Amino acid sequence: MGSSKQSAGILDTLKMERVRTILTHTYPYPHEHSRHAVIAVVVGCLFFISSDNIHTLVEKLDNNVKWWSMYACLFGFFYFFSSPFIGKTFKPSYSNFSRWYIAWILVAAVYHLPSFQSMGVDMRMNLSLFLTIYVSSILFLLVFHIIFIGLWYVGLVSRVAGKRPEILTILQNCAVLSVACCVFYSHCGNRAMLRERPLERRNSNWFSFWKKEERNTWLARFLRMNELKDQVCSSWFAPVGSASDYPLLSKWVIYGEIACNGSCPGSSDEISPIYSLWATFIGLYIANYVVERSTGWALTHPLSVKEYEKLKKKQMRPDFLDMVPWYSGTSADLFKTVFDLLVSVTVFVGRFDMRMMQAAMSRVSDGNQHGDLLYDHFSEKDDFWFDFMADTGDGGNSSYAVARLLAKPFIRTLKDDSELTLPRGNLLLIGGDLAYPNPSAFTYERRLFVPFEYALQPPPWYKAEQIAVNKPEVPFGAHLKQYDGPQCFVIPGNHDWFDGLQTFMRYICHRSWLGGWLMPQKKSYFALQLPKRWWVFGLDLALHGDIDVYQFKFFTELIMEKVQEDDSVIIITHEPNWLTDWYWNDVTGKNISHLICDYLRGRCKLRMAGDLHHYMRHSHVKSDGPVHVHHLLVNGCGGAFLHPTHVFSKFNKLHGVSYECKAAYPSFEDSSRIALGNILKFRKKNWQFDFIGGIIYFLLVFSMFPQCELNHILQDNTFSGHIKSFLGTVWNGFIYILEHSCVSLVGAILLLIAAYSFVPPKLSRKKRAIIGVLHVSAHLAAALILMLLLEVGIEICIQHNLLATSGYHTLYQWYRSVESEHFPDPTGLRARIEQWTFGLYPACIKYLMSAFDVPEVMAVSRSNICKNGLDSVSRGGAIIYYASVFLYFWVFSTPVVSLVFGSYLYICINWLHLHFDEAFSSLRIANYKAFTRFHINSEGDLEVFTLAVDKVPKEWKLDPDWDGEAKHPQELGHLREFPSKWRAAAPHQDPVQTVKIVDHFVIGRTDKNDSDTAPNGPVQ
């Protein structure tokens, strides 16, 4: 016993958890050394550039305004192209691809323009040196990793070394290493110190400018950055020695050029500082990799146990999906949605209807055909609360924000300066569209079930993969009437019908739990008998916008057999056809209207729906005629993107009865203001639209490349003359497309057909054609202007001998001409490498430089076409030319196509009240979320509270109250005081703190008891 206690004390003293955190690295390879290297390289660039007096860039720049304009256009387009990716990381890694892509073609373009020599930056030398070192580094590291994996395979290194490195990580580290060498060479050169100055080199100190006698003057030296730079170069980055000091390296090193005054006989045998810098970086990479993979040792300062636990909790974040990118040109889900919709419309509508199958199965399963459609277990409760929401399952943040409020045992909020306490609903009604963009196992699980399970956990024994055979599966074998936990009933929406209702049936009708809400329902439509003679009819409209004959028969029989004359009925449908029919000038839901007007006869006190992702309530205007429906309520704010309200502001009549809007959320003014985001934020929200937009613009002007006659634009002496000639050329290009082009004309016609079809069919054909033509004209004009800007820029560079000076391999030829001067090779190392690689080494560098120098390839090909005609160019040459043009035109066009299309949506939604779905789905707004809570009081009146959250949190953290609450093995989630796992990272943004009442009214059992506490007009 004593021995055990002593051992335990020793272990406690050693704090094995601390040792574990030291030895076991919790991050995937690699360490952050590559990020630190990037920071060091950036700081070095800023230091060296500032040291060379950057103001000389302006002084030595050509006074001609065309260079300023070219720089402004170039950097402007590149900035707007890359702006959505600044400071963000997207999945998939399109943003990472765009960063490297932008860096490549921007540098390739800028180095041809004048003025960089004034900064002491030899761009050609830097680019050629970068590419050479980059290729060499990649080859060297690949060989190293192959050898290391081989050693692991034979068992000479630890098993933790078995994970292969990521290729992108190797490429990134090689790029950083190459940039560092280029920065050093640009500002320090490849100088070798003379043999006559060994004492000076030996006495130089890394911090010589901090010597005592110079401490009073170092600030003055800082102001003279150029001198400080020279001192840094001569002391910090001096050559490490000569080849004679390292005999084994004498034939394997790069040599430095001699830096001296006057003639310097002979060649330097000093090892190049670039070589030593490259070898240092490579050595650090290899050392870090070997140590980490061999021992698992973390090369960072170890954390204490307390700090480790704190960091572990900080890293715990819910993995919510982002809002669906509806304008993505690369999303497989959206293409699947389109396919499923086409199949649903052509196969299921009018041919096969799952509702018919449900009706048949209901009659076969038991003699009582209402047994699995009618639920009356709530009818005897005294005080009853229930909730309604719709259109959830889009963004995880917004869906969880609503689910968190639904799961809260009590919601406390202010109403007229007094605090109200609203208990959690005994029943949750969901009005369809459970997951976007299409019904699938992935979307249902990740976009619907995950947020709700985080908000209210299912029972401990629940297994998602199990099918519920005998519903309702009430916990502990109790009767459904005895279960006091929250329950959930769901109707499907149009998105749930895209696969013929298969996923809905599998996940809703054949499962028992949505988070902590019990789901007793077995079919896609149902009837609920509530206390105080209230009823809820949940209707399934499928894709027809109406109920089928079997539903109609069920509800009519129920009305005649069980619904009394003074009962009150709430009808839930997914689509609010009172608004959509008014908007589309259509008449749908005839069976529903027949059910309400001829069977319920005024007993329908409330119609609720979702589908439109906003909140609006219309109440009837008292008149002498019959009122078939007293209140119309739309609440589709359950998690999906926001829809506008101002488009539906003029709705006022249904079934011959006048209605007035009592509440709208967001308000009409806010809704109109939000639409402005299409101009300013379309591309930021829909960066994946690049794939479609860039290709469309390129096809529109494909036949216009190249423009060989541009001298009339450049030779004008006035700015107005330039503009006039430029616009005249754009018009001539438009005429050329109509008269001579094939590819561009076909692209324009296809775009016109698409634009015409895109205009909502509520307008006449003439108006649709006018809007379509104006829309396509704006795109075509923008594409022609961009094409001409690119061609004018290339022409200016050619006329100033900045492009097309020799051939496709200009950069490589120049590099070889100065290679021997700046990087002496007295031992013939390069010749031996070329011989050993059978010429592969110089060939790789040669063609890599040509592939990098896209502007030169474009300009040379353009000059050949303009001189000899397009027919003289081979098919491969034409492909190379158009590919090089596309690489730049895509960058120029994508911000513009988004701007034009976003402006079109803004004009249509605010001026013409068109495209309410397209104009707001583009914004992907997760804010303005709401649900409605109902209370049947002791008098039988129905109190209605609509609770809303203006701003949805984007960051969540583990709720300490949830984590600290005692958990019992068989405890149900709804019995916990804090049922939700996550809370907002910023407490003041948590939905529990920001929730507010945006509408409150009472529906009495008799018309005299109706009351409305909303102000006149819509709620602001």
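Numbering starts at 1 and runs along the chain as displayed.
In case you wondered, yes, glycine gets a Cβ from its N, Cα and C as well.
For 388-587, the entry in TrEMBL reads domain 'Calcineurin-like phosphoesterase'. In the predicted structure, the domain 'Calcineurin-like phosphoesterase' (388-587) carries a mean pLDDT of 92.
The transmembrane segment annotation in TrEMBL covers 37-55 (among others).
Under the heading transmembrane segment, TrEMBL lists 67-86 (among others).
Per TrEMBL, the feature transmembrane segment maps to 98-116 (among others).
Same-chain neighbours of the transmembrane segment (128-155): 161-162, 164-165, 170-171, 173-175, 177-179, 181-182, 185, 274, 278, 282, 285-286, 289-290, 293, 811-812, 814-815, 844-845, 848-849, 852, counting only residues six or more beyond its ends whose CB sits under 8 Å from a CB of the stretch. Per TrEMBL, the feature transmembrane segment maps to 128-155 (among others).
Feature annotation from TrEMBL assigns transmembrane segment to 167-188 (among others).
Among the features that TrEMBL reports, transmembrane segment is placed at 687-705 (among others).
According to TrEMBL, the feature transmembrane segment maps to 734-758 (among others).
Residues or ranges marked as transmembrane segment by TrEMBL: 770-790 (among others).
The transmembrane segment feature in TrEMBL is assigned to 879-907 (among others). Listed as Cβ neighbours of the transmembrane segment (879-907) (distance under 8 Å, sequence separation of 6 or more from its ends, same chain) are residues 77-78, 80-81, 102, 105, 109, 675-676, 678-683, 686, 689-690, 693-694, 696-698, 701-702, 705-706, 775, 778-779, 782-783, 786-787, 789-790, 854-855, 857-858, 861-862, 865, 873, 915, 918-919, 922.
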Positions on the same chain near the transmembrane segment (770-790), where near means CB under 8 A and six or more residues out: 73, 696-697, 700-701, 704-705, 707, 726, 729-730, 733-734, 737, 748, 751-752, 755-756, 758-759, 763, 885, 888-889, 892-893, 896-897, 900-901, 903-904, 908, 912
